[in-house]
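Participant: Sharing a structure below in structure tokens format, with a few things to ask.
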């Protein structure tokens, strides 16, 4: 597979701000100094600003719509999510491939097709199971004995095993594609419309405006859009501060931080990014004095544990008074605000006594 | 899209959920015909093997029969599993109300290795939960008597106690919950003791409290924290201003990260012997009343255990009864309190399970505990198998281990109306670990080197391998 | 119900709080089970004492189960105090009486065992064709192999202390306002068997019949205020995901205090992952 | 394409998702809306395709989809009472269930079936 190599090239920068190449500085060579200074002034870490559209009122959505900018944010740190793709924004390529009727088109990811195939197989499998249940009930209704039932069950078990084994061998042959007609799918030229936008989580947008100058919106303007400034008080700003502090903490230590909602937590931590590693850690952010009923923790932990990931409870602790923090906020001194919270972490893991005896 | 990004799909989740994880909790386990077989004395008829349960009542006679048999298997097993002991093994234990425990006049039995306290008169004193546990197993026979048995003056009346009598002696729900957790761990072979009130008599990782050290520790700690915060905030002011990227030039991504990571302070838990002892000294002074006291010290099953000099426990257990309206799950403030009070084999300190290390770091009342060293070849199998193989681990593997396992930890036993489960909660520290990817400058030069790795697919290119 | 109510035992501590209700009699446990109240067996099973999957008496009832049984009249509470045993046995003549009775019982039981064991022994010898002979050491061996059983039910504790009625009224009053209890009661009225649910991320799990035979159908959450509490979508995501993986459905419950009819106050919505998107 | 403010955004997003990712047909945003706590709730009806429906063995019925917002740092607005209102006032009596489309501000939509009352799980 060439993909490995092209991925490491495609995703070689972990952040959308790229380092500059400065020439080597040789202490004994004044010429190299001059050249260095020239390069320093000429070069820059800045990038072309990414344009965001912010929609919604009470609930805000932050969207990037320009295709090259969507790809740029994905490639340089895996920011945002394609609204029609749940991950990398590939809807346009996928759909184009579908329309072309070319299942093996190289632009669509085969993974998604495989997933679909799997689902189809699964539903066939389920149908069999239903049929078997029916057989069993019939046997019982007809006054079958325990022994007869045991025989039937054994037969069914064998059948299912064979069926499972037969599946997966004839992959990618299932074909029935249902199509749909919607005028909005195509633009006036008759080409497929770019319907998909890349959505940034609010914390991502803050990171890309407050911490790194990437978006074409200032942090102050962004916050004014995200928060209710008419009723500004600690309680209106705190929930977002809490989320951002945690997000920034992990981002700044090199993790690729993505939404954890599908695992019922706040964030997923990837080393490098989704194409390289599975997420190993799930982060749930809490106040340092927050607690819930045990079932709250146990359900998150079971979802996370079921996916073989480690659950981290990240407790955000306030180091300054609420009043001080609101004042800093009103001065737009976000740096001081975010520095006024400390993160404290614990690993939360189910412990099974039987597995810890030696 | 990565393959894992379909978490809501149950098919996938079922695949990835490890079997053993669920088996111990799923209801499949309650097949009493299985218990009937295990139970040697049981006369329960063996019923046809049928692992799977039904979806719902279907009104058939056969299903009725199966349900009837399942219940018979259960009640037969219960009825045919009497508590008690044969006359030759009979050990009578007398409940003592003042002690709230039981006394055995002439103790014998294996249980003495891990339970009870034998006094100078040869009597064995059982704590109440030990008494209930042993009575419930049939190891001791529970009795009540009108006077201490050894006196034998006047009329000595002893009345045998039933299980109902024994349970009526629990003084609170909390005590009963503590017992259930105790019994749960004991049944699996763990060695479990309650914490002694007298600290001076128990093994500790910590030296005796030293007031001088405490002050020094406190001053140092706060000064250091203050300095770090101040320098960080100065540098942050510049980085997060609009001037930063106009004036500064970053020649590598790590440089940017190093500036980014100064923004949010994080707590660094103690990770070394020195740090642990320093923290202990600093914080001992203002300990308030414990909301979550440590209920038990727990040792893994072993034959070498000595009641007199048990050394440091492997685990410590805190109990949370979730349906008790007066209790809450611990908040971070509570967790912090619990972490401070821990005193066990801090497993992260020693890479190998090094006997010597723990012997040298166990104190009783501020003095070395003098735990007898195991003779050559006498170590438990579990220890010897663990030794070796842990050295020379790659840096990123070590880092992953630190992140996953954390530092100080305890077990939280949760009781949900009699169902017990455990959670291990450990201090973690992501703030001290950097995992950013270091891009290589000239990918062309590296192509040949990476080729073999890439051919295995696109996952698993380690940061460390690309430096 | 015409039959005698089941006896459930609670201990009241000094501060007036009570322990969970426990049941010691196998007969009672069986009857509760037939009623659809399963509780949790919590004591060691002496013959296989090294595991936690199969446990024995006492049966521990949840507060909801106990109050429901009392309310329906299916159970009678036996309330004792931790000091009850010693107070009762301070009466020396009573103590002696109980002691003698116990000795008698043990002796009767031993005699039964002797007869049985001798029969078995004789049978064995006959099979082997050996002549039966009386030997002292055999008798000695027999005596030391007799089994002394610790009984489950008390002969010391007496019913009918004045505490019981007060306590039952107090409990009923307290729980009539309790959301979890209302949900429990409603699930029972739907014919479901209810168990503690924390291990599946809920307050309860509900079975269509005896858990020995049927898979549970539902994981039921603690009730929300029907009109006030916003649904936490995260709970839906986690709850339905967990439930779907173990073939159950996630049930959101709520209490609408504005409904006049008590039975109408509890609202349920069942949620499952749609399987797409 | 017009980008309506507020609710319009997520209604459109959910419809697009159903049409162009799940390949539903006969999609239609119902005229009747419900005002609920500063929000206007819309209902989308449509028919899933056999291929993508989770319960493949059932007949295909028209589904009623309720898009709702979820934010990482804001309280929700949907109560149980609200669900009841949607069932009574927006869904036709023939609807056996409601499909909740939870639109998160992380760019994802997740779908859940909601049944009124106690409902048994699928058999398999």
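A Cβ is built for glycine as well, from the same backbone N, Cα and C atoms used for every other residue.
Found this in TrEMBL, in case it helps:
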{"type": "ACT_SITE", "residues": "A:270", "note": "active site"}
{"type": "ACT_SITE", "residues": "A:278", "note": "active site"}
{"type": "ACT_SITE", "residues": "A:309", "note": "active site"}
{"type": "DOMAIN", "residues": "A:241-318", "note": "domain 'tRNA intron endonuclease catalytic'"}
Participant: Neighbour count, 10 Å Cβ-Cβ cut-off, for residue A:270 (active site): what number do you get?
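Facilitator: For residue A:270 (active site), the count of other Cβ atoms within 10 Å is 21.
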Participant: Among the active-site residues A:278, A:309, which residue has the fewest other Cβ atoms within 10 Å of its own Cβ?
Facilitator: A:278
Participant: Counting each residue once, how many in the domain 'tRNA intron endonuclease catalytic' (A:241-318) are helix, strand and coil under DSSP?
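Facilitator: The breakdown for the domain 'tRNA intron endonuclease catalytic' (A:241-318) reads 28 helix, 26 strand, 24 coil.
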Participant: What average pLDDT does the predicted model assign to the domain 'tRNA intron endonuclease catalytic' (A:241-318)?
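Facilitator: So the average pLDDT across the domain 'tRNA intron endonuclease catalytic' (A:241-318) works out to 95.
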Participant: Between the Cα atoms of residue A:278 (active site) and residue A:270 (active site), find the distance and write it as a whole number of Å.
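Facilitator: Just about 6 Å between their Cα atoms.
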Participant: Given residue A:270 (active site) and residue A:309 (active site), what distance in Å do their CA atoms have, once rounded to a whole number?
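Facilitator: Pair distance, Cα basis, whole Å: 11 Å.
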